[in-house]
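Pulled from TrEMBL, these are the listed features:
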type	residues	note
SIGNAL	1-20	signal peptide
REPEAT	242-285	repeat 'NHL'
REPEAT	289-331	repeat 'NHL'
């Protein structure tokens, strides 16, 4: 009986796939929200928001519903999305309140709910990153980082951290960067899970951190949100310090509780400021350029934005306490 049930499930899974890559574009119902407002030249535009696979157009057909009935599985809306990773065909969202990672497969329009990595049940998945055939998950309660392949099989489990939080991946050198917040350092591993070197110690000077919380990697440079020093530090791919900018404050260009980091194709640095409910944008020198957001649940507003990811100049914001992901478009000069 078990054998035949397994064969039936395989047939159903094959029948459940759908075609057509998900795209993030405006519709006739999309509110026209741009920053800065006219008559200035707009640089950021609101595109859409989603809370679950259904919002992305992942339709459940009869076979999918029957499969859910047989397996007891179900799709979940976001509970408290904390970090997000995006590539050409996947979106991964760490949801620590639900103790799961939501994985949206854009090419097949399928949803996968990840609550285990190997033999470990996830307890507080707080960091995610994506590579071409890899998914990386940091669990801050298990104090482990898991490396999964495209079939979600656990390849490596890294341990020995005090509290691993944020992850970033260098696709050229195949290196994984891990922020260990309580150890006040960033650790660098190769693709086989071997430690290469560490960056930082506790302090207020360059090459020192005070509870580093979020990472981003762009153009062979690592960007670290040095949270309780209220600043951003950048390093080259050998761990050499390049730049520090940022100060504590409520005004534009200052940080109250900075979290997610991401960079667009022109190298602008985006920083989510959770307490101020805004996304701030800086140039490579650290000069403030623009901010967007505001407190609320309307499109373009936030309640404790945390994670950031940018792919193809689309800006994905984990709007934690609104339980959604908001998507914006960076408008390049000339567009």
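Cβ coordinates come from backbone N, Cα and C, glycine included.
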If we skip the immediate neighbours and take only residues 6+ beyond the ends of the repeat 'NHL' (289-331), which ones have a Cβ under 8 Å from one of its Cβ atoms?
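Answer is 24, 31, 33-36, 42-51, 77-88, 91, 93-94, 214, 216, 252, 259-266, 268, 270-283.
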Which whole number is the mean pLDDT over the repeat 'NHL' (289-331)?
98
Which numbers of helix, strand and coil residues does DSSP report for the repeat 'NHL' (289-331)?
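Residue counts in helix, strand and coil order: 3 helix, 27 strand, 13 coil.
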Within the repeat 'NHL' (242-285), how many residues are helix, strand or coil going by DSSP?
0 helix, 22 strand, 22 coil
